[in-house]
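The transmembrane segment feature in TrEMBL is assigned to A:12-31, A:51-78, A:90-116, A:136-157, A:185-209, A:276-298.
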């Protein structure tokens, strides 16, 4: 039982990371209809920035905030400088640009900071945090931080005029222009926010997976699965989908271990976790392309 | 008195295709002007050109100021409200959000609150549905929402693209009655594009008739309405 709870808890912690990256993917998807394949590498790069800031002597949280802000600026710049000129380009060109960005970030990070795996600190106190035997201090911290970030984002989109303008621009760009919204800038802001949320995910997960230029590759896949589960056009669904995928992958591995213990037959275990994500992707795309929470918009004419 | 909106020698293009050749007209401050013509005559394109939503050449002056170089977002900030073809509802936002986004360019909170009250006085139906997702409104309600949204901008000129399109006759009558009130009470000048010429000529005080991208005739509504030849050749009723 305790083992089960532990698995759920660590699933939630992983899920929180996937939820953030999934949300970043969805934020760009709803306004441009593109999946940013470089989202994970951008998050990795942000994590290196925070590591660099810490190695220059900044405290964890100060480096965290600065890295998130710098990521925001980086996201805005990428949209304005690289994607803006491709405004009317065919989808394939944009996909190639995303893959190019992925490769560039990966190799630039490797060139600056080397491909050697680095340890990354956890900001959460070892004792007096977490619930003994169920959830560790870092896992609990990750869940809390991501929930705060997601809550802030929700409040921003729901209650501020700028958030409303961004939603309007994503939903109906032409009409948004007709009420005076500067749609181009809303897209750039969306990129900035996505990069920031990705940075949070990267910084939170680095203590678990260690810091290296390929740290986000698997996570992007899980996040993509999460976004699909929730319905790729639905931010709230993507967050929930991220958590579901996080818990599900642990549950599958846990069930596999239990079966092996009881019968001695190895069917599935920790090694096949990534396969679970891929199966989810294929399953959702074939059976329910709109995702579990994919809303069918009701329209009366 | 100088015209509020002055359009001269307007040409517009979709890619290689030219759809306006020589469109010119004037709108008096406080007036209601209508553009009439068959499908494809260039009525919608003219409205889109005023808001710089299509590539165009020529003179467009609003209140004496050149509009042709401004992007759409800036033209809206001159308080020109465009109610587009198909109503342009933000379907996933609520009615309330649809109205608030229209006041996005305004910084006077008190003014926006007053405007909202006025809008609900014109359209009590919208007040009942204020928290409803706008995509679930009926066609007539969405048209009301589109006009209400234009009002939230505090416009000096309202461009209306076929407000009667696809609506039941009773709703159309109601909407046109409200448009007249808006013109009289809010002092909003209106440029109306309509297929339904009889309806438009009743509301407007001045009419221009378009054919394949040219203005072929113009005059006071009463004159256009009573000219048998124009009616038969261009307006089809």
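Any Cβ shown, glycine's included, is placed from N, Cα and C.
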Positions on the same chain near the transmembrane segment (A:185-209), where near means CB under 8 A and six or more residues out: 13-14, 16-17, 20-21, 23-25, 27-28, 31-32, 36, 39-40, 42-44, 46-47, 49-51, 64, 67-69, 71-76, 78-80, 83-84, 120-122, 138, 141-142, 145-146, 149, 153, 162, 165-166, 169-170, 176, 215-216, 219, 223
Top partner of the transmembrane segment (A:136-157) among A:12-31, A:51-78, A:90-116 - counted as Cβ pairs under 8 Å: A:12-31
Residues from the same chain, set at least six apart from the ends of the transmembrane segment (A:51-78), whose C-beta lies under 8 A from its own: 42-43, 45, 101, 113, 118, 120-121, 123, 188-189, 191-196, 198-200, 203, 206, 211
